[in-house]
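As recorded in TrEMBL:
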type	residues	note
DOMAIN	61-152	domain 'Ig-like'
DOMAIN	254-349	domain 'Fibronectin type-III'
DOMAIN	382-477	domain 'Fibronectin type-III'
DOMAIN	482-575	domain 'Fibronectin type-III'
DOMAIN	578-680	domain 'Fibronectin type-III'
DOMAIN	683-778	domain 'Fibronectin type-III'
DOMAIN	999-1085	domain 'Ig-like'
DOMAIN	1216-1299	domain 'Ig-like'
REGION	1309-1393	region 'Disordered'
COMPBIAS	1325-1338	compositional bias 'Pro residues'
COMPBIAS	1339-1363	compositional bias 'Low complexity'
COMPBIAS	1364-1373	compositional bias 'Pro residues'
Amino acid sequence: MMLKTAEETEEYQRVSKNVGKGLAVIQEELHRMRIATKAQVESLEIQKEVMDLLEEIPKLPDFLVALRPHTVWEKTPVKLFCTVEGNPRPIVKWYKDGVPVDPLSTPGKYKIENKYGVHSLIVSRCVVSDTAEYSAVATNQHGTATSKAKIIVKSKSPSFLKTLLTSHVFLCKHKRLFFTGPAGAGESYKLLKPSKLVEMSVGGGAASLTLPHLAKDDEGLYTLRIFTKDGTAEHSAYLFVSDAAPSAPGAPGAPMSVKAYDINSDYVLVAWKPPNTVNEAPITGYFVDRCEAGTDTWVQCNDAPVKICKYPVHGLRVGHSYYFRVRAVNSSGISRPSRKSDKVTALDAAESERLQVIKIEGKYDIVIKDDDLEGYVTIPGEPTDVHASEIFKSYVVLSWKPPSPRGRAPLWYVIEKVSGTGDWQRINTTVKLHSPRYPVFDLQDGQKYQFRVYSVNMYGSSEASAPSEPIQKVDEDGVPSAPGHVVATRNTKSSVFVQWEAPKHLKHLMGYYIDGRVVGAKEWFACNHKPFKHTRFVVHGLIPGETYVFRVQAVNLFGLSEESQESSPIAVEPALATPSSPFGITMLSSDGSSITVAWKSPKHCGGSKVNAYYIDKRDADTLVWKEVNLNAVTERMCTVENLKEGTFYEFRVTAGNMAGVGLPSAASVPMKCEAWTMEEPGPAYDLSFSEVRSHSLVILWRAPIYTGASAVTGYFVDMAKKGSSEFVTVNQEAVSHRYLQVTGLEEGESYVFRVRAVNAHGVGKPSQLSEPVCAKAIPGTKEIVAGVDEETGDVFLSLEACEICETSKFVWSKNYKLISDCPRVAVTTKGRTSRLTFTNPDKDDLGKYSVIVTDTDGVSASHTLTEDALNTMLELSYAIRHPIVPLKHGLNYEVLEKGHVRFWLQAVKLSPSVSYRFIVNDKEVTSGEGQKISHDVATGIIQMTVDHFTRANEGTYTVQIHDGKAKTQSSLVLVGDVFKAALKEAEFQRKEHIRKQGPHFSEYLYFTVTEDCTVMLVCKVANVKKESTLHWYKDDEEIVPDTPPNVMSGSCALPLPLFSRKDHGVYKAVLSDDRGKDTSVFDISGKVFDDIINAIAQIAGASASELVLQCTPEGIRLQCYMNYYTEEMKTIWKHKENKIASSEKMRIGGTAEMAWMQICDPSDKEKGHYSMEISDGVKTHTRTFDLSGQGKNLHLLKSDFFFFCSDRGRVVGGLPDVVTIMEEKSLSLTCTVWGEPTPEVTWFKNEQEVASTEHTRVMFDGGKFASLVINKVTPEDSGKYSINVRNKYGGEFVEITVSVYRHGEKIPEPKLGQAKAAATTPVLPKSPAPPSKTPTPTPSKTQTPAPSMKSPTPASTPISKSPTPTPKSPTPPRSVKSPTPPRFMKSPTPPRK
């Protein structure tokens, strides 16, 4: 053994020491553990003893672990846990909002467990209605304890409960909302904010967006976005805005998107987008208008239309605000104006750039203008960088940078131009420019120009700027090229997806216009009215099933490109896809081992017919689905076998079409498999609707599968408004059929329905609620039309569907029972129209027929075929199958002017191949000598003309017509009195024809009355010549009128002036020449005479003056002047409404010019109201006079009248009655006149007023002396002269007869003329004069009394000294002078010869 070294020994000792220490520690730890284990065992023994003691002590329930609240998504489960203690062990019950939770009431919904002292409630597939406060109540004999927790069920994402898009309003339910509208250039969307053009409202659970001033600018995609803590939801709708009616036919639509750019102190650049032109003429230009803010006056900015969609407007006022609008122009007119732009204020854009802001200590701002840094500089510097910012063929916009320094005064600019090497010319001579922009319009094509600018202020002008680069106008051929290949594909049943290739040359593209056209139509229609920026577009609002083609145009500021090529035709059908999920799974019956279920069709068939259904099942307590059928079910009903009785099952259904199988439906409610034993029937199912209109609909259903203890005898239909639980039974008595028409609905209201079957034991279970149906007809809905085929005569019912798709079928029913292969009817379909044709219609076909168009939104209609309607159609059918030629007029005759007789009839329609024949007295007559037969297809007339109609033509006439399959005949019996009348008329017309070969009367004698009441016998003549003569006769005595008749004028007249009973007689006019003569006779007697008097009375009565008063020697006289008066007129005088008869006291009479009534020796009894009535047989003309005397006696009235007339105008003296004078002498007629006031004097010769000339001078001196001087008289000056002196109180009319004889001739014997009194009451002269021997002349139209002849001395008293008695005639002798009537009477005029 080797010896250890010292180091090894030291190491050994060190290790031994450490090991010893470690062993000691281990031993100590083992000892401690033994002691701890012993203490623990002792503690457990003590605890066990305590627990055993506690189990024997009673204890109240107590929750060791309480319930916790939960917030979960809907359709997910939630589990509530709790741990409870108590002695004895408590029983735990669960409550929902204080109501006990019963798992059996809703199988599969709730599951309650108690494992290992842990109590739990599991709620499966939570819905929002499961949100509630749940509680666990622990109970033992010593008390109760409760633990509560709230469960909140949330939707996975926010949803729109209702969305509505109208032409200008969006409406939806909301949370936190943002509206976005059509995006601008380069934007994905634009956030909308409230303004005058956009109104937003949020409240009441709804949000609305209103566009109160809708324009095409508003067209685009609008999106409503909802933000919640749980997520985001949004709904979008594209708003289409079409043009308003054009201002003129063919005028373009309005431009849009008008905006102002490059705003300066007196200049802006206005830009816009062009409208779409579909069928209108191309746009030739635009007018830009401006309106200053605060006014309503629009001013046109450009005189000539600008051809591009930009225009520079200058001449604005600094600091003023403006609006702009644009109107498009084409060959048909001017469009409506666009929406006005936003308000634009004309301000210097560079003003803010010339300000510098310096901050001091972050608190103070010091603003320094560049002018302050430039120093005191008065004259501005020159502008820089002169260039053209806009170059077009119409104009060029010059731009430059303002000068620096600007000077110490307001600044403006002067522009000069030069072309080539010419001189510089100033171009803004009349306009001060304040902006560094200026549009130039008058540049020549093909020339290059340079421009330079001066800065000017009150101190002077700067140097010229450096010239611009040469600038030349460019052509405006800048429209983009046409878009490329256009492809249209199916989208929905009323929309098509259109996409295209962008143009090869974009040229600042604004967007695209898409146009559509129905295949076969000529007119295109606009699909959008605002340029769309993308190369794809969904065209909405198309007719389902119709075929369209589309084209696209690109748009930029130069206008629209050429149209693209048309797309291929495409029918409007939904895009092919898998169907949506079925829904409404309902249980129809159960026998303990099987359940029969039914469901409703998918809402969307996916563009093809649903031809398969697959059913899955599962136990309500499991999540695993099992297939029921491997082979597809085609009916919407299935019986699921091999089920366990008493188990709850859930079902779901999946639909399939040619595109595949869609998504499965939602799971049904748990259905318990147990045998139905109730005596009442089960539920009806498959509720559907047809013929939905504004106030009615028809509901249909299928019979229940489970009928109960007896057969089903009827049905009740219950109805409630959507959202209401208050159902109303529609039919008071059960209906036996499985349909019911419901009426009395409110238009636009939505309803739900249910059906209950009835048998002998009572009313069964109600059916599942129907889907809500809105009482509103589909737009474009048409009804069934009953008619008869015009070609075949078939009776049919026809419906034209307002919408249709490829898979649609027309399903016809009679009394709502499907019409299958029935020999009584045949169904044919062509396009959108289906026809049900009756093969042999009779009473068995009466009933109600309905048709449903499948795969549509409920297109359907019905028609009740009644017996009356069927009989009417059968009659029409017989007429078509056994046609006749319909006649407008049967066979008739007419006599022509030569005495020919025309037999004719008229058919409604004739074909060119018509054949016919005339049969007279059973013998066919053909066209030949004596008769002519013809027809006219255009008018349908068949005729035969007999040239010489005699007694041999009496008999029966028949026409037989054959036209294709149709035929008819018409007869005319011409015998007896009818034939005699026709023969007489024919002979008369023959004579008339012969008469008209020579001169004849085209209109026989008739009468007219002129305005002056002259009766004219008038006739019209024809076929006359210069040699023709016309003679007048009365009672066979010839009348020679003053003016010979002029037969060449075509009309001749015989005047009968002053018509009265003396004109009774037979008048005859004879027209003759060498060709013959014609006579017209007119008998004036009886009714004809009365008619003439009435015609005279009509004119005379209308011209009658008001009644006037005159005083006469016998008393007073009421007079009425008129154009003409005769005693034959029906004239009645009345006093106090009592008719006056002519007597010694009251004399009634008249002259040709007036009607009068004389009151002799008047007294107070004669006071009162007087009237005169003239009747013309139709109207009564009344004139009245109130003879009251103002309270005086009538005896004094006469004196008052004389006093009243004393101031009248009159001739005092000086005039002779007759003047005889030799030729070449001078004649002076002078008299003295008087009146107050001074009268007016008028001289007349032969009733014509005398004017003052060199030959004849008229003078009136001093208001007293009136003279008429004729220098060197001639025989032509002979005649009857008169003077009229009058003032407001009346006047006098005096006549003088002047005779001029030649030298050497015997002086003619004087012939006195009679003067006519112009006053009322005659005044007797001092020396009487014999009455005039000349007759009283007839007055003219202006009725006045005749003036009296002047006596040498005016009478001072009314006492007559003449032995001659005063005549009773209303016309006084010429020796009597009487005052003139008062001024209310007509002024006197010369008498008429």
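Every residue gets a Cβ built from N, Cα and C, even glycine.
Under DSSP, residues within the domain 'Ig-like' (1216-1299) fall into helix, strand and coil as 3 helix, 52 strand, 29 coil. Contact count against the domain 'Fibronectin type-III' (254-349) (Cβ pairs under 8 Å) is highest for 482-575, out of 61-152, 482-575, 578-680, 1216-1299. Here the domain 'Ig-like' (999-1085) is broken down by DSSP into helix, strand and coil counts: 6 helix, 51 strand, 30 coil.
Using a cut-off of 8 Å between Cβ atoms, the domain 'Ig-like' (61-152) and the domain 'Ig-like' (999-1085) share fewer than three residue pairs, counting only pairs 6 or more apart in sequence. Mean per-residue pLDDT, taken over the domain 'Fibronectin type-III' (382-477), amounts to 85. Look at the domain 'Fibronectin type-III' (578-680): DSSP puts its residues at 0 helix, 43 strand, 60 coil. When the domain 'Fibronectin type-III' (382-477) is classified with DSSP, helix, strand and coil residues number 0 helix, 41 strand, 55 coil.
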